[in-house]
Amino acid sequence: MLQKARTENADTPQAPSGQLVLTLAGICKSFPGVRALSDVSLELYPGTVTALIGENGAGKSTLVKILTGIYQPDEGTIRLGGREVFFATAYDAHRAGITAIHQETVLFDELSVAENIFLGHAPRTRLGLIDRARMNREAGTVLERIGAAIDPQARLRDLGIASKHLVAIARALSVDARIVIMDEPTAALSHKEIEELYELIERLKAEGKAILFISHKFDEIFRIADRYTVFRDGECVGAGLISKTNHDALVRLMVGRPVGQIFPKRKAEIGPAVLTVSGYSHPTEFADIGFELRRGEILGFYGLVGAGRSELMQALFGITKPSRGAVRIDGEVAVIRSPAEAIRRGIVYVPEERGRQGAIAGLPIFQNVTLPSLSRTTRHGFLRLAEEFKLAREYTSRLDLRAASLDQDVGTLSGGNQQKVVIAKWLATAPKVIILDEPTKGIDIGSKAAVHAFMSELVAAGLSIIMVSSEIPEILGMSDRVIVMREGRIAAEFAREGLDAETLVRAAAGIAGEMPPMPDASTPAPLQGP
Amino acid sequence: MRLLKSREILLAAAILVLLAAIAWRFPGFVRPANLANVFNDTAILIILALGQMMVILTRCIDLSMAANLALCGMVVAMLNATVPGIPIPLLILFGIGVGALLGAFNGILVWKVEIPPIVVTLGTLTIFRGIIFVISGGEWVNAHQMSAAFKALPRAPLLGLPMLSWIALAAIALMALFITRTPLGRAFYAVGGNPTAAVYTGIDVGRTRFLAFTLAGALAGLSGYLWVSRYAVAYVDIAGGFELDIIAACVIGGISIAGGIGSVGGAVLGALFFGVVKNALPVIDISPFWQLAISGSAIILAVAFNARAERRQGRLILRNREAAT
Amino acid sequence: MSETTQRFIPDRLESRWTSLLKSWETLLVAVAVFVFVVNALSSPYFLNAWNLSDATFNFTEKAMIAMAMALLIIAGEIDLSVAAIIALASTAMGLALQYGAGTPELVLVGLFVGLACGAFNGWLVTGFGLPSIVVTIGTMSLFRGIAYIILGDQAFTGYPADFAWFGQGYVWWVISFELVLFALVALFFGVLLHCTGFGRQVYAIGNNPTGALFSGVRVARVKFVLFLMTGLMSGLAAICLTARLGSTRPSIAFAWELEVVTMVVLGGVNILGGSGSIPGVFIAAIIMGLVTFGFGLANVPGIVMSIFTGLLLIAVIGAPILWHRLRGEKTLP
């Protein structure tokens, strides 16, 4: 069913400015239970921005970690300027002239801005001590270069997220690197900061650096990238010049089939309101949230990373305390102070951070499934293992879980199967409302389809679903209605019919009409303006 | 010069208030000579707290420092008793070396075998004490068995202060330089503050922890000599239970047990707080038996205070509207 | 992920008996048998019912605390103040004695002080979100410090004769009251940890406190109860120890916390939380008792035995890790 395109090097025209800087060939990398990369190749040219495109879990981050010496490939070669190299540690890659702006901020709260920028390669005095004055001065220069007005001597913990991100960028540029990797560098930046970053990238190009640019945002890719490489499920499925491709073609490569087909068509009876939220606010994370969720409905929540969607959902689930506002379940006012209370009221939450908040690695599958339902599987507080296995079997089989036994440690399952266990856990509590936070982030396509199909089944059975997702196809394919959040507030609400990607992205970014035109753009009227 | 963080200033203020309160009734306590005495009395705790600080910064803990001290103290005392001719500086270096070795043993278990530090040092704590018994046969090394030079060094006055105080001052100065101005010193913060990110920046987390343990061991070795020469006696149980005092000094000094947060100033002030309380109690005529309860309360208050200060602020998603676009 | 669709997923891959045979507890039983045999062969005085009975006093009090501590450590917390709670509870009993308390009152005072200290620890840890290791280092000084303030260098003596039964009495033949009490405590905690929903929640918290919270486990409440129980067991141990010694000094049970933790870790409880079992800790307690007794019979001083304990601790934790490393097993990054 997956149509695999080969990397067509023969088709690739000559690089705009000469010699290859970096060549990866036949790179393979496996983790227990997961094949993250298989036979992957990549080429980087000087003065060129190469976009690395792929869905979550396609293997982009693994590749970045291999390039920066954090992981070592199981097979394959890395050639730098024609010479084969091996990076045993991050330090080796660093010395070879590869620098990266990682997705996770690789920074240290207790150190100063200058120290964060120069950790590991600080200028020294003749005595071998760190030359503070020079370090601060040079940090100032680097920060100035990227247009960041940050005091090099400030302590990092006193900085906001966007400033921290700029420090991370400054850190990457503090070395004279030949190759700069940017892993979703714009995710936490404001519009103005993004523009400055683009200018910086242009300057780096002019200096002849090879840039590997990883992004989900197609407008960004078409704006600054010269070349592209597409990953799907750990494989390289296409590469070439940006000027020779278009939006649709890239999406097809990335997803492996036209967007419309991934998501099962479904019909569900939309009933009366189950959950009504009004005037819901938090001191720092979100404000004035009001919406209604109806029986049998899938309500999508779209927004950029850090728009406050997860924070809102966690407040609804009783993890954090809202400062104002009311929640009604089936018309009754519900004050939810803890997850235990939310579960009793019929609201459950499948978190985005599956490893930390969802699955409990170390406990077997059946114990994960029964954990919130222990009152049903115990008698007078005593465990009844037979009941537990029965319950676990019932719900895991509905989700087509793949595991060796129900006694298997959840931590040894693949991401997709872990997610199925988490969902099974919640279904066993017989909830009314399921909140899914990035339900298919980082899981394989097969499991994704299973999760989507199951969502359809659930709403057909009368449940209501809130789905937080940053994947536009998923939002467009699955939601009955979409709410877009921006900076902690509801920016817009759309009905499903006629909604397109561009409208969503504009609403989420809070910009109007500045973006490069995308194919098949149509403009439906938003139900509720920003 | 970087400003001292508020934690240290607050702790210093607390100590000053304490001193002022004592001075109000007993002015003699704040005479320079007496304060110098208090400092001298706290010197060993300061040196040990500096060592423990490095370990805690890397998100580890060393429960074996006092046992390490006792073992090194016994080794140098016995060496001195058997071969009185060995020059004292050489003996001190030897003590430091033995201490570093014992610390390295902790470190290698943490680094290469990846046993949790608390388990490692819980084990080595009893092992080190046991070894003291084995090498000494349970005997004491008494004052008359030690050479005069051996006992004299910590007391030897220099510019009005005993050598012991000078050693502590030197340790503070060197440590301050080391921790703020060398790559390894900064790596301690990186490893404890964000181990994953430390790997990304090319820092070997295990090796950094190993070095922290080794250096802490070296300081324990130095303290071993200072302890036995100052008190002119060595036996199995010297500094028994002191390991927790060292950790307590660090905690009071604002060094976060979760790693990555703390300063030389904090460790020194935390130790000094202990020293002031201990020395003040007899002066203000409170039974010294109060000391333990006071330090216990101080630890609880300090950790509660630090936790409040460290509590992460929200992500602050809501911004001003004008900042939006 | 394997491509083969498994329609049916079995409950378990191997029977519970097979996994039991491969478990840490089985290894510990083997070690216990080994120690027993070595002792029996090396000393003619070992295989004597009364001597063996005496040997149990070496560990029963610490082991009672270890049972509760095991649950606490599995849940990812620790209580280093247990020995100080003994000192405070014992001091409180001594004070009560001065005011003419009889045996029932003494027992109640001991248990109450234990419970109160546990509640204080639990309140600090769960109410303020403080790290338990530091909090209990603090309360360890505080509790013992209060005992010192009350007692100074004095001692309480003159406990009633029937009170002494808690530490010196025999239920039947060589079976001491302490041994029976320890067995009951072990049974209680064994059932609590392994057979109840509460125990399941303890494991969940230890493996992933955030995940447990997100699964509706009332994490703070469970942890608070565990601190309460650890305090209560320390109070119980204080009663037995005070009755056995017949006196209270502020230095009573000094440094026991480290021995209790060693016992728990030796019993296969992961110091970082998440795994371990009561049978394991039970056998570890017996091993430590047998070793102490055996060394005693061989006239080896206790302090030398501590070398053995320390090495044992490091070896039992380090060996499996090294074993996995040598077999070249990858761990997830």
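Glycine residues also receive a Cβ, built from the backbone N, Cα and C atoms like all the rest.
In TrEMBL, the annotation transmembrane segment applies to C:106-126, one of the ranges C:85-105, C:106-126. For the transmembrane segment (C:303-323), the residues of the chain that approach it from at least six positions outside its boundaries are 259, 262, 265-266, 268, 271, 288, 291-292, 295, judged by C-beta separation under 8 angstroms. Beyond its flanks by at least six residues, the transmembrane segment (C:252-273) meets 24-25, 28, 59, 61-63, 65-66, 69-70, 73-84, 86-87, 90, 140, 147, 205-207, 237-238, 241-242, 245, 280-285, 287-288, 309, 312-313, 316-317 of its own chain at Cβ-Cβ distances under 8 Å. Taking every recorded stretch in C:106-126, C:133-151, C:280-297 and counting its Cβ pairs under 8 Å to the transmembrane segment (C:26-47), the highest total belongs to C:280-297. Only pairs six or more apart in sequence are counted, and the transmembrane segment (C:106-126) with the transmembrane segment (C:280-297) gives fewer than three Cβ pairs under 8 Å, not enough to call it a contact.
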